[in-house]
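K.L.:
I'd like to ask some things about the structure below.
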Amino acid sequence: MPWIQLKLNTTGANAEDLSDALMEAGAVSITFQDTHDTPVFEPLPGETRLWGDTDVIGLFDAETDMNDVVAILENHPLLGAGFAHKIEQLEDKDWEREWMDNFHPMRFGERLWICPSWRDVPDENAVNVMLDPGLAFGTGTHPTTSLCLQWLDSLDLTGKIVIDFGCGSGILAIAALKLGAAKAIGIDIDPQAIQASRDNAERNGVSDRLELYLPKDQPEEMKADVVVANILAGPLRELAPLISVLPVSGGLLGLSGILASQAESVCEAYVDSFALDPVVEKEEWCRITGRKN
């Protein structure tokens, strides 16, 4: 069904109040959007992180009389008569279908392709990972995932054990298996990620070589030849003592989910245990790799 969208611009401090006002005026959902496309990362648990200059967008049923909505909002102390706003009629679309139509096969490195499960593979002779991300993070479109996939493609993983720490959709663990790893272990705090990884592993015929664990269930003394963690800078720093013991002596470590401006602080958390390589950047993101001492 079609919808009507009303957009207000405000400060982060006032965004929650205006969100409540829109809901009281009949909005069925509210979205906060950064006016200037400023990245925001790592909100605290339970925190709604807002920007200094925030668009508050209310979605209304197509039958809503927006003149009545505007009249209600004009009585709000933060708005007043003639407040600035924008009203748009949204086209009736199958949004899930549109997303699927825009997700195309992507190549990473020399051998590896990530292909949506609903599309044909572009190269039958390549290493093809068929992916349906479901509700979990990880499609290959984000620079951090791309950096990790390119790194895995550059390695000789034949017969190796790989740990994907924060596995999301399972894209990195499954790619490692398709690239020749003997076994991969995926760890994630989200049960939905575990299920998405399991489904994608079955789709790619590697489920018998993929072990999946919530952190509370992971085996003690777990070790791997290659460890990859594409999460966020804060957790990478905080979990450095745990992540650093996962690679065997001489094993490889790959970290991403890190802004280039955060690279130095993440490196400091690992430099005592690893011989680190030069940081590799892609757009505003980066990848840190190294070999266990």
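Just so you know, glycine gets a Cβ as well, placed from its N, Cα and C.
What Swiss-Prot lists as S-adenosyl-L-methionine binding site is Thr145, Gly166, Asp188, Asn230, and the listing cites sequence analysis.
Have a look at these and tell me how they're positioned relative to everything else.
P.N.:
Secondary structure from DSSP puts Asp188 (S-adenosyl-L-methionine binding site) in coil. Taking all protein chains in view, 25 other C-beta atoms sit within 10 angstroms of the C-beta of Asp188 (S-adenosyl-L-methionine binding site).
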K.L.:
Would you mind listing, in sequence order, the residues at least six apart from Gly166 (S-adenosyl-L-methionine binding site) in the same chain with a Cβ closer than 8 Å to its Cβ?
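P.N.:
Same-chain residues close to Gly166 (S-adenosyl-L-methionine binding site) (Cβ under 8 Å, separated by 6 or more) are Ile187, Asp188, Ile189, Ala229, Asn230, Ile231, Pro235, Gly257.
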